[in-house]
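Below: one structure, written as structure tokens.
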Amino acid sequence: MNKQSWLLNLSLLKTHPAFRAVFLARFISIVSLGLLGVAVPVQIQMMTHSTWQVGLSVTLTGGAMFVGLMVGGVLADRYERKKVILLARGTCGIGFIGLCLNALLPEPSLLAIYLLGLWDGFFASLGVTALLAATPALVGRENLMQAGAITMLTVRLGSVISPMIGGLLLATGGVAWNYGLAAAGTFITLLPLLSLPALPPPPQPREHPLKSLLAGFRFLLASPLVGGIALLGGLLTMASAVRVLYPALADNWQMSAAQIGFLYAAIPLGAAIGALTSGKLAHSARPGLLMLLSTLGSFLAIGLFGLMPMWILGVICLALFGWLSAVSSLLQYTMLQTQTPEAMLGRINGLWTAQNVTGDAIGAALLGGLGAMMTPVASASASGFGLLIIGVLLLLVLVELRRFRQTPPQVTASDS
């Protein structure tokens with residue numbers, strides 16, 4: 001038997017052409033969305049000089065994404081998934097063209113930016129849900145951990161590159177260039193996605209979309225295993241909202257403007273290391289227990305983060321959180337895909353992704369409230385240790401998740 005390496009195995013990109021096409025499309029899409037993410041707030045700030053108006057655009061887009069995830073989950077379980085993915089990407093690109101044309105006007109319309117933000121948020125999340133539901137069919141359920149780790153690396157790398165490119169474009173050509181290249185990138189992603197095989201949903205009875213969505217909710221609530229995974233995911237996302245305290249904590253540590261960047265880079269760096277060293281995760285006999293313990297460790301890291309006497313120690317705590325949260329997230333993703341019936345994959349993936357979106361918003365709001373009553377140090381520690389207490393309770397309550405065992409996949413020569 002070959003020894004499995006700790007390092008991430010990228011062979012899936014070579015052996016599975018369909019996954020390679022998705023990998024390429026996702027990377028281009030992340031870079032394109034990053035260009036958009038830089039341009040929209042800058043344009044609104046330049047037009048209105050109001051941070052409230054910038055925040056409103058983020059809130060509207062987030063709301064549209066939530067609705068898109070719900071609708072996308074139902075569509076992915078009822079219609080051919082490749083068509084849903086292509087339709088969502090193409091429609092999203094049309095919205096980017098609208099933003100580009102609006103930016104070229106002598107007096108761009110603020111209302112148009114808001115409406116197109118709703119449009120793009122809805123259709124972007126629609127395609128995400130269908131793609132998640134299709135992944136097991138593209139790579140095989142035995143390769144989901146590897147696929148999830150490669151995807152996580154793609155997201156992290158794209159998230160680092162795209163803001164830098166977006167900033168350079170803003171400095172040289174203005175927001176219209178950002179929107180135009182985002183539209184071009186989105187339409188380019190259609191080329192590799194066209195090579196995907198047909199991805200029909202499993203046969204199931206026709207029912208009203210709301211009834212179908214409620215069936216997904218009922219399954220989530222009735223399954224201690226899948227429901228517990230989703231709950232842990234939401235709490236983990238809440239913990240990541242600690243970034244709203246970075247500016248205040250930077251003042252407390254007397255950090256320079258250049259040093260503050262280390263705080264923002266620490267969690268993505270830790271997550272990237274977690275993905276790169278995930279080679280043995282798929283071979284864990286008790287993934288549920290490992291998920292619970294890594295989640296508890298990540299909460300502890302956030303609790304200790306604000307208490308550190310030096311900023312460099314705080315950065316180490318954040319990197320540790322990034323690593324542990326990556327381990328937990330990869331286990332969540334894999335177990336969710338393998339333990340959810342094929343007929344429910346679209347809806348459950350939509351609900352899981354939606355609770356991640358809302359968890360981040362709730363966490364930011366709670367930390368903002370704590371910040372009004374406590375010092376930044378106390379707020380960060382209270383959030384981390386509070387989540388740690390909840391996590392310990394869940395460790396005791398989620399018996400089925402804690403005791404879950406799986407037969408590790410066989411290691412073949414190509415995997416080593």
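Residue positions begin at 1 at the first shown residue.
Glycine is treated like the rest: Cβ placed from N, Cα and C.
Relative to the membrane, Glu142 and Arg405 occupy the same side according to Swiss-Prot. Beyond the topological domain 'Cytoplasmic' (131-156), the same-chain residues lying 6 or more positions past its ends with a Cβ under 8 Å from any Cβ of the stretch are 8-10, 12-13, 16, 18-19, 22-23, 26-27, 30, 73, 76-77, 81-82, 85, 196, 199, 201, 268, 271-272, 274-276, 278, 281-282, 326, 329-331, 333-334, 337-338, 342, 345-346, 349, 353, 409. If one looks beyond the transmembrane segment (84-104) by at least 6 residues along the same chain, the residues whose Cβ comes under 8 Å of a Cβ in the stretch are 25, 29, 32, 36, 39-40, 43, 72, 75-76, 112-113, 116, 119-120, 123-124, 126-127, 130-131, 134, 174-176, 179-180, 182-183, 186-187, 189-190, 193-194, 196.
Taking Cβ pairs closer than 8 Å, the transmembrane segment (179-199) reaches residues 17-18, 20-22, 24-26, 28-29, 31-33, 35-36, 39, 80-82, 85-86, 89-90, 92-93, 96-97, 99-100, 103, 134, 137-138, 169 in its own chain, all 6 or more past its ends. Ranked by Cβ pairs under 8 Å to the transmembrane segment (110-130), the stretches 22-42, 314-336, 357-377 are led by 22-42.
Here the listed stretches are 157-177, 257-277, 379-399, and the one with the most C-beta pairs under 8 angstroms to the transmembrane segment (314-336) is 257-277. Within the chain, the topological domain 'Periplasmic' (43-55) has long-range Cβ neighbours (under 8 A, six or more residues past its boundaries) at 103, 108, 110, 113, 175. Long-range neighbours of the topological domain 'Cytoplasmic' (337-356) within the same chain, counting only residues 6 or more positions beyond its ends whose Cβ lies under 8 Å from a Cβ of the stretch, are 66, 69-70, 72-78, 81, 125, 128-130, 132-133, 135-136, 141, 144, 201-202, 204, 212-213, 215-217, 219-220, 223, 225-226, 229-230, 233-234, 237.
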